[in-house]
Amino acid sequence: MKNNIINLAQDLIRRPSISPADQGCQQVIAERLAQLGFTLEWLPFGDTLNLWAKHGSGSPVVAFAGHTDVVPVGDETQWTYPPFEARIVDNMLYGRGAADMKGSLSALVVAAEEFVKANPNHTGTVALLITSDEEAAAKDGTVKVVETLMARGEPIHYCVVGEPSSGKVLGDVIKNGRRGSITGELYIEGVQGHVAYPHLAENPVHTSLNFLTELTTYQWDNGNEFFPPTSLQIANIKAGTGSNNVIPGELYVQFNLRYCTEVTDEIIKNKVAEMLAKHQLKHRISWNLSGQPFLAGNGELVKATVQAVENVTKITPRLDTSGGTSDGRFIALMGAEVVEFGPLNATIHKVNECVSVEDLGKCGEVYYHILERLLKS
């Protein structure tokens, strides 16, 4: 299995699929799956290519999800090995996307292939959801596929997302949920004027200080068994013209909350509105909800994944919900139990991104064992 995974990973890495470009990656995968009797459905939206592939029928539907797009390489001269050469050095596979996530995507594909070969009459459905729009806008990828499936009443019961979840060693972390993410774009209005005549102006920076203190120190919740407390961070703040003699007429504040299941986006919006009213600030605000929090808890997929990781790596993984958002947030909206498991994330989005060849082989074994537990005939 390992050699097949590495060969496929190298083929995919050599295709410079900067998001949302796919550069033929999904076609390579589709041709392999078609030979094994998978039904293929292409779901293009905008400039994004999506593939929905299935083998078998009925329940449960166990889906593997991944993406073929990668982030830009940056200054290519800083790379020790060319980012799209897919070179193996000292048992490490180097290249953009090696860890995030062409390596684990290859492991997902090969695991599905091997399972179907060994169990042609398996119960339920093996599915793969592959997109080229995860790293950039995430507007025409998994979210659109999920909308399509939901519109026709087609379920996903369990989903393994192959994101690089591991920290220090393969298998030390399984993501069994993710926090929600919401961003506020706030404009506090004042009156512009000369700094020598403050009585003729209103400085929005000064009038907002008490509000900003309350906003940044407010305790939203205490977290729970699975999530840390909700956190808020100011990401950007701007006022003034750049001149030292002009009182600004407007203050711009952009802030983001990573929130747990103890609060909702509506609770957050209402509380911020309450604070703004309390401090009598003339303002306008807009919100961008990137994703709701989701949690798989200790369900069947979590149990199957933990058991598979223990069998393959001989270590007991820690269940964790920290970190950024992933496409799992969209799939969870279907009522699916979602976990993320994949290789080490130490080099993702970095120069000299790389992944252990041995770890990719073990990832494939873990994915295979998950299918065995949930679908074996």
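Cβ coordinates are placed from backbone N, Cα and C, and glycine is handled just like the others.
Keep in mind that this is a model prediction, so the values were computed, not measured.
Look at Asp69 (active site): DSSP puts it in coil. Taken from Swiss-Prot, the feature active site covers Asp69, and the record attributes it to sequence analysis.
Under the heading active site, proton acceptor, Swiss-Prot lists Glu134, citing sequence analysis as support. DSSP classifies Glu134 (active site, proton acceptor) as coil under the three-state reduction. Around Glu134 (active site, proton acceptor), a 10 Å sphere centred on its CB holds 26 further CB atoms from the protein chains shown.
Taken from Swiss-Prot, the feature Zn(2+) 1 binding site covers His67, Asp100, Glu163. Cβ neighbours of His67 (Zn(2+) 1 binding site) (same chain, under 8 Å, six or more residues apart in sequence): Met101, Leu105, Ile130, Thr131, Ser132, Asp133, Glu134, Glu135, Gly141, Thr142, Asp327.
Positions annotated as Zn(2+) 2 binding site by Swiss-Prot: Asp100, Glu135, His349.
The binding-site residues considered are Asp100, Glu135; of these, Glu135 has the fewest other C-beta atoms within 10 angstroms of its C-beta.
All chains included, 26 other C-beta atoms sit within 10 angstroms of the C-beta of Asp69 (active site).
Taking the Cβ of His349 (Zn(2+) 2 binding site) as reference, residues of its chain lying under 8 Å away and at least six apart in sequence are, in sequence order, Val71, Asp100.
Its Cβ placed at the centre, Glu163 (Zn(2+) 1 binding site) has 27 other Cβ atoms within 10 Å. Taking the centre of the Cβ atoms of Asp100, Glu135, His349 as the Zn(2+) 2 site, the nearby residues of that chain (Cβ within 8 Å, site residues left out) are Val70, Val71, Gly97, Met101, Ile348. Asp100 (Zn(2+) 1 binding site) falls within a helical segment according to DSSP.
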